[in-house]
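Engineer: So that we are looking at the same thing, I have put the structure below in C-alpha coordinates.
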Amino acid sequence: MTTKPRHPEKVNKPLNPIKKKPDWIRSKLVNSKEFFLTKTIVNNNNLVTVCQEANCPNITECWSKRHATFMIMGDTCTRACAFCDVKTGRPGKLDSLEPVKIAEAVKKLNLKHVVITSVDRDDLDDGGSNHFFEVIDQTRKRNPNTSIEVLTPDFLRKGDAYKKVLEANPDVFNHNIETVPRLYLKVRPGSRYFSSLELLKNAKLVNKNVFTKSGLMVGLGENKEEIIQVMDDLKAADVDFLTIGQYLQPSVRHHPLDRYYHPDEFKELETIAKSKGFLLVSSTPLTRSSYHADEDFAKLQLNRINNH
(Lines of atoms letter the chains of each structure in order from A; the text may use other names.)
(Lines give C-alpha, C1' and ligand atoms only; values in the text may rest on other atoms or scores of the structure.)
Protein backbone atom coordinates (compact mmCIF):
# COMPACT_ATOMS: atom_id res chain seq x y z
CA MET A 1 0.00 0.00 0.00
CA THR A 2 1.47 3.35 -1.05
CA THR A 3 1.34 6.30 1.31
CA LYS A 4 -0.28 9.41 -0.12
CA PRO A 5 2.30 12.23 -0.30
CA ARG A 6 1.89 15.06 2.18
CA HIS A 7 2.32 17.60 -0.62
CA PRO A 8 1.06 15.97 -3.85
CA GLU A 9 1.35 19.26 -5.74
CA LYS A 10 5.10 19.35 -5.05
CA VAL A 11 5.95 15.78 -6.15
CA ASN A 12 7.20 16.85 -9.58
CA LYS A 13 8.83 20.08 -8.42
CA PRO A 14 12.60 20.45 -8.89
CA LEU A 15 14.73 19.57 -5.87
CA ASN A 16 16.08 22.55 -3.94
CA PRO A 17 18.95 21.58 -1.62
CA ILE A 18 18.53 22.83 1.94
CA LYS A 19 21.24 25.20 3.11
CA LYS A 20 22.98 24.42 6.40
CA LYS A 21 21.59 26.45 9.29
CA PRO A 22 23.88 29.02 10.91
CA ASP A 23 24.52 28.91 14.67
CA TRP A 24 21.95 31.61 15.45
CA ILE A 25 19.10 29.50 14.04
CA ARG A 26 19.52 26.69 16.57
CA SER A 27 16.35 26.29 18.63
CA LYS A 28 16.24 25.19 22.24
CA LEU A 29 15.65 21.52 23.02
CA VAL A 30 13.62 21.27 26.18
CA ASN A 31 11.99 18.03 27.32
CA SER A 32 10.36 19.14 30.54
CA LYS A 33 7.41 17.73 32.43
CA GLU A 34 5.30 20.62 31.10
CA PHE A 35 6.26 19.75 27.51
CA PHE A 36 4.89 16.23 27.88
CA LEU A 37 1.80 17.48 29.73
CA THR A 38 1.02 19.83 26.83
CA LYS A 39 1.59 17.00 24.36
CA THR A 40 -0.72 14.70 26.34
CA ILE A 41 -3.56 17.25 26.49
CA VAL A 42 -3.26 17.93 22.74
CA ASN A 43 -3.18 14.23 21.84
CA ASN A 44 -5.90 13.10 24.25
CA ASN A 45 -8.31 15.66 22.80
CA ASN A 46 -7.38 14.78 19.19
CA LEU A 47 -6.44 18.40 18.56
CA VAL A 48 -4.26 19.73 15.76
CA THR A 49 -1.55 22.30 16.46
CA VAL A 50 0.32 24.43 13.96
CA CYS A 51 3.37 23.78 16.14
CA GLN A 52 3.42 20.19 14.87
CA GLU A 53 1.90 20.56 11.41
CA ALA A 54 4.14 23.45 10.35
CA ASN A 55 7.21 21.90 11.98
CA CYS A 56 7.82 24.99 14.12
CA PRO A 57 11.38 25.38 15.46
CA ASN A 58 10.08 26.77 18.77
CA ILE A 59 7.83 23.85 19.73
CA THR A 60 9.88 22.52 22.64
CA GLU A 61 10.32 25.95 24.20
CA CYS A 62 6.66 26.91 23.84
CA TRP A 63 5.21 23.57 24.93
CA SER A 64 7.46 23.60 27.99
CA LYS A 65 5.64 26.80 28.95
CA ARG A 66 2.30 25.11 28.21
CA HIS A 67 1.81 27.33 25.16
CA ALA A 68 0.29 25.68 22.09
CA THR A 69 -1.24 27.22 18.98
CA PHE A 70 -4.37 25.32 18.01
CA MET A 71 -5.11 24.74 14.32
CA ILE A 72 -8.81 24.27 13.69
CA MET A 73 -10.82 22.75 10.83
CA GLY A 74 -8.49 19.81 10.28
CA ASP A 75 -4.89 19.19 9.28
CA THR A 76 -5.36 19.47 5.50
CA CYS A 77 -5.23 22.78 3.63
CA THR A 78 -6.89 23.62 0.32
CA ARG A 79 -4.01 25.92 -0.66
CA ALA A 80 -0.51 24.91 -1.73
CA CYS A 81 1.79 27.67 -0.51
CA ALA A 82 5.37 26.94 -1.55
CA PHE A 83 6.81 27.76 1.89
CA CYS A 84 4.40 25.82 4.10
CA ASP A 85 4.73 22.33 5.57
CA VAL A 86 1.03 21.87 6.36
CA LYS A 87 -0.52 19.00 4.40
CA THR A 88 -2.33 19.85 1.14
CA GLY A 89 -5.41 18.07 -0.19
CA ARG A 90 -9.16 17.68 0.17
CA PRO A 91 -10.15 18.30 3.81
CA GLY A 92 -12.74 16.30 5.70
CA LYS A 93 -15.91 17.46 7.41
CA LEU A 94 -15.73 19.95 10.24
CA ASP A 95 -15.74 18.51 13.76
CA SER A 96 -18.77 20.02 15.50
CA LEU A 97 -17.23 19.14 18.88
CA GLU A 98 -13.97 20.95 18.15
CA PRO A 99 -15.02 24.30 19.70
CA VAL A 100 -15.67 22.59 23.05
CA LYS A 101 -12.49 20.48 22.79
CA ILE A 102 -10.39 23.60 22.20
CA ALA A 103 -12.08 25.44 25.07
CA GLU A 104 -11.46 22.53 27.46
CA ALA A 105 -7.82 22.21 26.38
CA VAL A 106 -7.29 25.93 27.04
CA LYS A 107 -8.75 25.40 30.51
CA LYS A 108 -6.56 22.37 31.25
CA LEU A 109 -3.44 24.20 30.10
CA ASN A 110 -4.51 27.21 32.18
CA LEU A 111 -3.68 29.56 29.31
CA LYS A 112 -3.84 33.30 29.93
CA HIS A 113 -3.56 33.91 26.18
CA VAL A 114 -4.44 31.48 23.39
CA VAL A 115 -3.67 31.60 19.67
CA ILE A 116 -6.12 29.87 17.33
CA THR A 117 -5.30 29.46 13.66
CA SER A 118 -6.63 27.29 10.85
CA VAL A 119 -5.96 25.72 7.52
CA ASP A 120 -7.50 27.40 4.46
CA ARG A 121 -10.94 25.98 3.75
CA ASP A 122 -11.79 27.21 0.26
CA ASP A 123 -14.24 24.29 0.03
CA LEU A 124 -16.57 25.92 2.58
CA ASP A 125 -19.00 28.67 1.55
CA ASP A 126 -17.93 30.87 4.45
CA GLY A 127 -14.26 29.81 4.46
CA GLY A 128 -14.81 28.49 7.99
CA SER A 129 -15.69 31.83 9.58
CA ASN A 130 -18.69 30.42 11.47
CA HIS A 131 -16.52 27.66 12.90
CA PHE A 132 -14.00 30.29 14.02
CA PHE A 133 -16.87 32.12 15.73
CA GLU A 134 -17.93 28.97 17.60
CA VAL A 135 -14.38 28.19 18.73
CA ILE A 136 -13.86 31.74 20.04
CA ASP A 137 -17.30 31.77 21.67
CA GLN A 138 -16.86 28.44 23.48
CA THR A 139 -13.31 29.29 24.52
CA ARG A 140 -14.43 32.58 26.03
CA LYS A 141 -17.39 31.03 27.85
CA ARG A 142 -15.17 28.49 29.58
CA ASN A 143 -12.15 30.78 29.98
CA PRO A 144 -13.47 34.31 30.59
CA ASN A 145 -10.08 35.63 31.71
CA THR A 146 -8.14 34.28 28.72
CA SER A 147 -7.30 36.68 25.90
CA ILE A 148 -7.90 35.22 22.43
CA GLU A 149 -5.79 35.76 19.33
CA VAL A 150 -6.84 34.44 15.94
CA LEU A 151 -4.58 33.89 12.93
CA THR A 152 -6.97 33.61 10.01
CA PRO A 153 -6.83 32.71 6.33
CA ASP A 154 -7.64 35.44 3.80
CA PHE A 155 -11.28 34.42 3.17
CA LEU A 156 -10.60 35.14 -0.50
CA ARG A 157 -13.80 35.37 -2.56
CA LYS A 158 -15.91 34.78 0.56
CA GLY A 159 -17.40 38.28 0.72
CA ASP A 160 -18.02 39.52 4.26
CA ALA A 161 -17.39 36.11 5.87
CA TYR A 162 -14.46 37.55 7.86
CA LYS A 163 -16.91 39.75 9.77
CA LYS A 164 -18.28 36.67 11.54
CA VAL A 165 -14.85 36.10 13.12
CA LEU A 166 -14.75 39.70 14.33
CA GLU A 167 -18.30 39.37 15.64
CA ALA A 168 -16.89 36.95 18.23
CA ASN A 169 -14.69 39.83 19.42
CA PRO A 170 -11.19 38.29 19.48
CA ASP A 171 -8.57 40.39 21.25
CA VAL A 172 -6.08 40.08 18.38
CA PHE A 173 -6.87 39.58 14.68
CA ASN A 174 -3.82 38.29 12.82
CA HIS A 175 -3.48 37.60 9.13
CA ASN A 176 -0.01 37.07 7.73
CA ILE A 177 1.07 38.91 4.60
CA GLU A 178 3.96 36.37 4.43
CA THR A 179 6.06 37.86 1.61
CA VAL A 180 6.51 40.77 -0.79
CA PRO A 181 4.06 41.21 -3.70
CA ARG A 182 6.61 40.29 -6.39
CA LEU A 183 6.97 36.78 -4.95
CA TYR A 184 3.27 36.02 -4.44
CA LEU A 185 2.77 33.95 -7.61
CA LYS A 186 5.66 31.67 -6.63
CA VAL A 187 5.26 31.64 -2.86
CA ARG A 188 1.50 32.09 -2.28
CA PRO A 189 -0.09 31.18 -5.64
CA GLY A 190 -3.61 30.85 -4.22
CA SER A 191 -3.56 34.22 -2.46
CA ARG A 192 -3.54 37.89 -3.46
CA TYR A 193 -1.31 40.47 -1.76
CA PHE A 194 -3.79 43.34 -1.92
CA SER A 195 -6.67 41.14 -0.76
CA SER A 196 -4.68 40.33 2.37
CA LEU A 197 -4.00 44.03 2.94
CA GLU A 198 -7.68 44.80 2.46
CA LEU A 199 -8.66 42.13 5.00
CA LEU A 200 -6.39 43.65 7.64
CA LYS A 201 -7.64 47.15 6.91
CA ASN A 202 -11.30 46.08 7.02
CA ALA A 203 -10.82 44.15 10.27
CA LYS A 204 -9.89 47.38 12.03
CA LEU A 205 -12.79 49.24 10.39
CA VAL A 206 -15.25 46.58 11.59
CA ASN A 207 -13.82 46.42 15.12
CA LYS A 208 -11.77 49.48 16.08
CA ASN A 209 -10.78 47.96 19.43
CA VAL A 210 -9.20 44.78 18.04
CA PHE A 211 -5.42 44.66 17.75
CA THR A 212 -4.41 43.80 14.18
CA LYS A 213 -1.26 41.88 13.46
CA SER A 214 0.62 40.55 10.44
CA GLY A 215 3.78 38.55 9.79
CA LEU A 216 6.46 38.62 7.12
CA MET A 217 9.09 35.98 6.32
CA VAL A 218 12.50 36.94 4.97
CA GLY A 219 14.92 34.79 3.01
CA LEU A 220 12.56 33.97 0.15
CA GLY A 221 14.34 36.18 -2.39
CA GLU A 222 13.01 39.62 -1.47
CA ASN A 223 15.16 42.75 -1.14
CA LYS A 224 15.30 45.41 1.56
CA GLU A 225 13.36 48.00 -0.45
CA GLU A 226 10.52 45.52 -0.95
CA ILE A 227 10.42 44.74 2.78
CA ILE A 228 10.16 48.44 3.59
CA GLN A 229 7.33 48.80 1.06
CA VAL A 230 5.42 45.99 2.80
CA MET A 231 5.93 47.79 6.11
CA ASP A 232 4.46 50.96 4.59
CA ASP A 233 1.52 49.03 3.13
CA LEU A 234 0.76 47.36 6.47
CA LYS A 235 1.00 50.67 8.32
CA ALA A 236 -1.39 52.23 5.79
CA ALA A 237 -3.78 49.35 6.58
CA ASP A 238 -3.59 50.42 10.26
CA VAL A 239 -1.87 47.22 11.42
CA ASP A 240 -0.71 47.44 15.05
CA PHE A 241 1.82 44.63 15.33
CA LEU A 242 4.38 43.40 12.78
CA THR A 243 6.36 40.17 13.14
CA ILE A 244 9.40 39.40 10.97
CA GLY A 245 11.09 35.98 10.99
CA GLN A 246 13.48 33.84 8.98
CA TYR A 247 12.06 31.50 6.34
CA LEU A 248 13.20 27.94 7.02
CA GLN A 249 12.83 25.61 4.03
CA PRO A 250 10.81 22.54 5.17
CA SER A 251 12.01 20.15 2.44
CA VAL A 252 13.84 19.94 -0.89
CA ARG A 253 10.46 20.25 -2.65
CA HIS A 254 9.58 23.57 -1.04
CA HIS A 255 10.49 27.09 -2.18
CA PRO A 256 14.27 27.46 -2.14
CA LEU A 257 15.83 29.44 0.68
CA ASP A 258 17.57 32.47 -0.79
CA ARG A 259 19.68 33.26 2.28
CA TYR A 260 19.80 33.44 6.06
CA TYR A 261 19.53 36.93 7.49
CA HIS A 262 21.97 37.79 10.29
CA PRO A 263 20.48 38.79 13.68
CA ASP A 264 21.88 42.30 13.13
CA GLU A 265 19.76 42.59 9.98
CA PHE A 266 16.67 41.65 11.97
CA LYS A 267 17.54 44.37 14.48
CA GLU A 268 17.86 46.86 11.64
CA LEU A 269 14.47 45.84 10.22
CA GLU A 270 12.95 46.19 13.70
CA THR A 271 14.35 49.72 14.01
CA ILE A 272 12.98 50.69 10.59
CA ALA A 273 9.54 49.21 11.37
CA LYS A 274 9.36 50.96 14.74
CA SER A 275 10.14 54.26 13.03
CA LYS A 276 7.03 53.71 10.88
CA GLY A 277 4.85 53.87 13.99
CA PHE A 278 3.74 50.27 14.62
CA LEU A 279 2.57 49.71 18.19
CA LEU A 280 4.83 46.67 18.42
CA VAL A 281 7.47 44.97 16.28
CA SER A 282 9.07 41.56 16.81
CA SER A 283 11.97 40.83 14.46
CA THR A 284 14.33 37.93 15.15
CA PRO A 285 15.40 34.83 13.19
CA LEU A 286 13.05 32.56 15.15
CA THR A 287 10.11 34.98 15.39
CA ARG A 288 6.86 33.28 14.43
CA SER A 289 3.26 34.55 14.60
CA SER A 290 2.50 33.01 17.97
CA TYR A 291 5.99 33.04 19.49
CA HIS A 292 5.79 34.80 22.89
CA ALA A 293 2.25 35.87 21.92
CA ASP A 294 1.12 36.13 25.55
CA GLU A 295 3.94 38.51 26.51
CA ASP A 296 3.47 40.50 23.31
CA PHE A 297 -0.25 40.93 23.97
CA ALA A 298 0.56 42.53 27.33
CA LYS A 299 3.01 44.87 25.56
CA LEU A 300 0.38 45.77 22.95
CA GLN A 301 -2.09 46.75 25.65
CA LEU A 302 0.49 48.87 27.46
CA ASN A 303 1.70 50.56 24.28
CA ARG A 304 -1.85 51.48 23.27
CA ILE A 305 -2.43 53.11 26.65
CA ASN A 306 0.88 54.98 26.47
CA ASN A 307 0.17 56.20 22.94
CA HIS A 308 -3.15 57.78 23.91
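Residue numbering: from 1, along the chain as shown.
Placed from the backbone N, Cα and C atoms, the Cβ positions cover glycine too.
Residues or ranges marked as [4Fe-4S] cluster 1 binding site in Swiss-Prot (evidence: sequence analysis): C51, C56, C62, S290. According to Swiss-Prot, the feature domain 'Radical SAM core' maps to 63-279, an assignment based on sequence analysis. Among the features that Swiss-Prot reports, [4Fe-4S] cluster 2 binding site is placed at C77, C81, C84.
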Engineer: Can you tell me the mean pLDDT for the domain 'Radical SAM core' (63-279)?
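Structural biologist: Here the mean pLDDT over the domain 'Radical SAM core' (63-279) amounts to 95.
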Engineer: Given the recorded [4Fe-4S] cluster 2 site (C77, C81, C84), which additional residues of the same chain have their Cβ within 8 Å of the Cβ centre, ordered by sequence?
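Structural biologist: Close Cβ neighbours, site residues excluded: R79, A80, F83, D85, V86, T88, V119, D120.
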Engineer: Identify, among the binding-site residues C77, C81, C84, the residue whose Cβ has the fewest other Cβ atoms within 10 Å in this structure.
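Structural biologist: Comparing Cβ neighbours within 10 Å for the binding-site residues C77, C81, C84, C81 has the fewest.
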Engineer: Could you round the CA separation between C84 ([4Fe-4S] cluster 2 binding site) and S290 ([4Fe-4S] cluster 1 binding site) to a whole angstrom and send it over?
Structural biologist: 16
Engineer: Cα of C81 ([4Fe-4S] cluster 2 binding site) to Cα of S290 ([4Fe-4S] cluster 1 binding site): how many Å, rounded?
Structural biologist: 19
Engineer: Looking only at Cβ atoms, how many others are within 10 Å of the one on S290 ([4Fe-4S] cluster 1 binding site)?
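Structural biologist: A count of 27.
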Engineer: Quick one: what's DSSP say for C84 ([4Fe-4S] cluster 2 binding site), helix, strand or coil?
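Structural biologist: In three-state terms, C84 ([4Fe-4S] cluster 2 binding site) counts as coil.
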Engineer: Rounded to the nearest Å, what's the C-alpha distance separating S290 ([4Fe-4S] cluster 1 binding site) and C77 ([4Fe-4S] cluster 2 binding site)? Just drop the number here, would you?
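Structural biologist: Rounded to the nearest whole number, the Cα-Cα distance is 19 Å.
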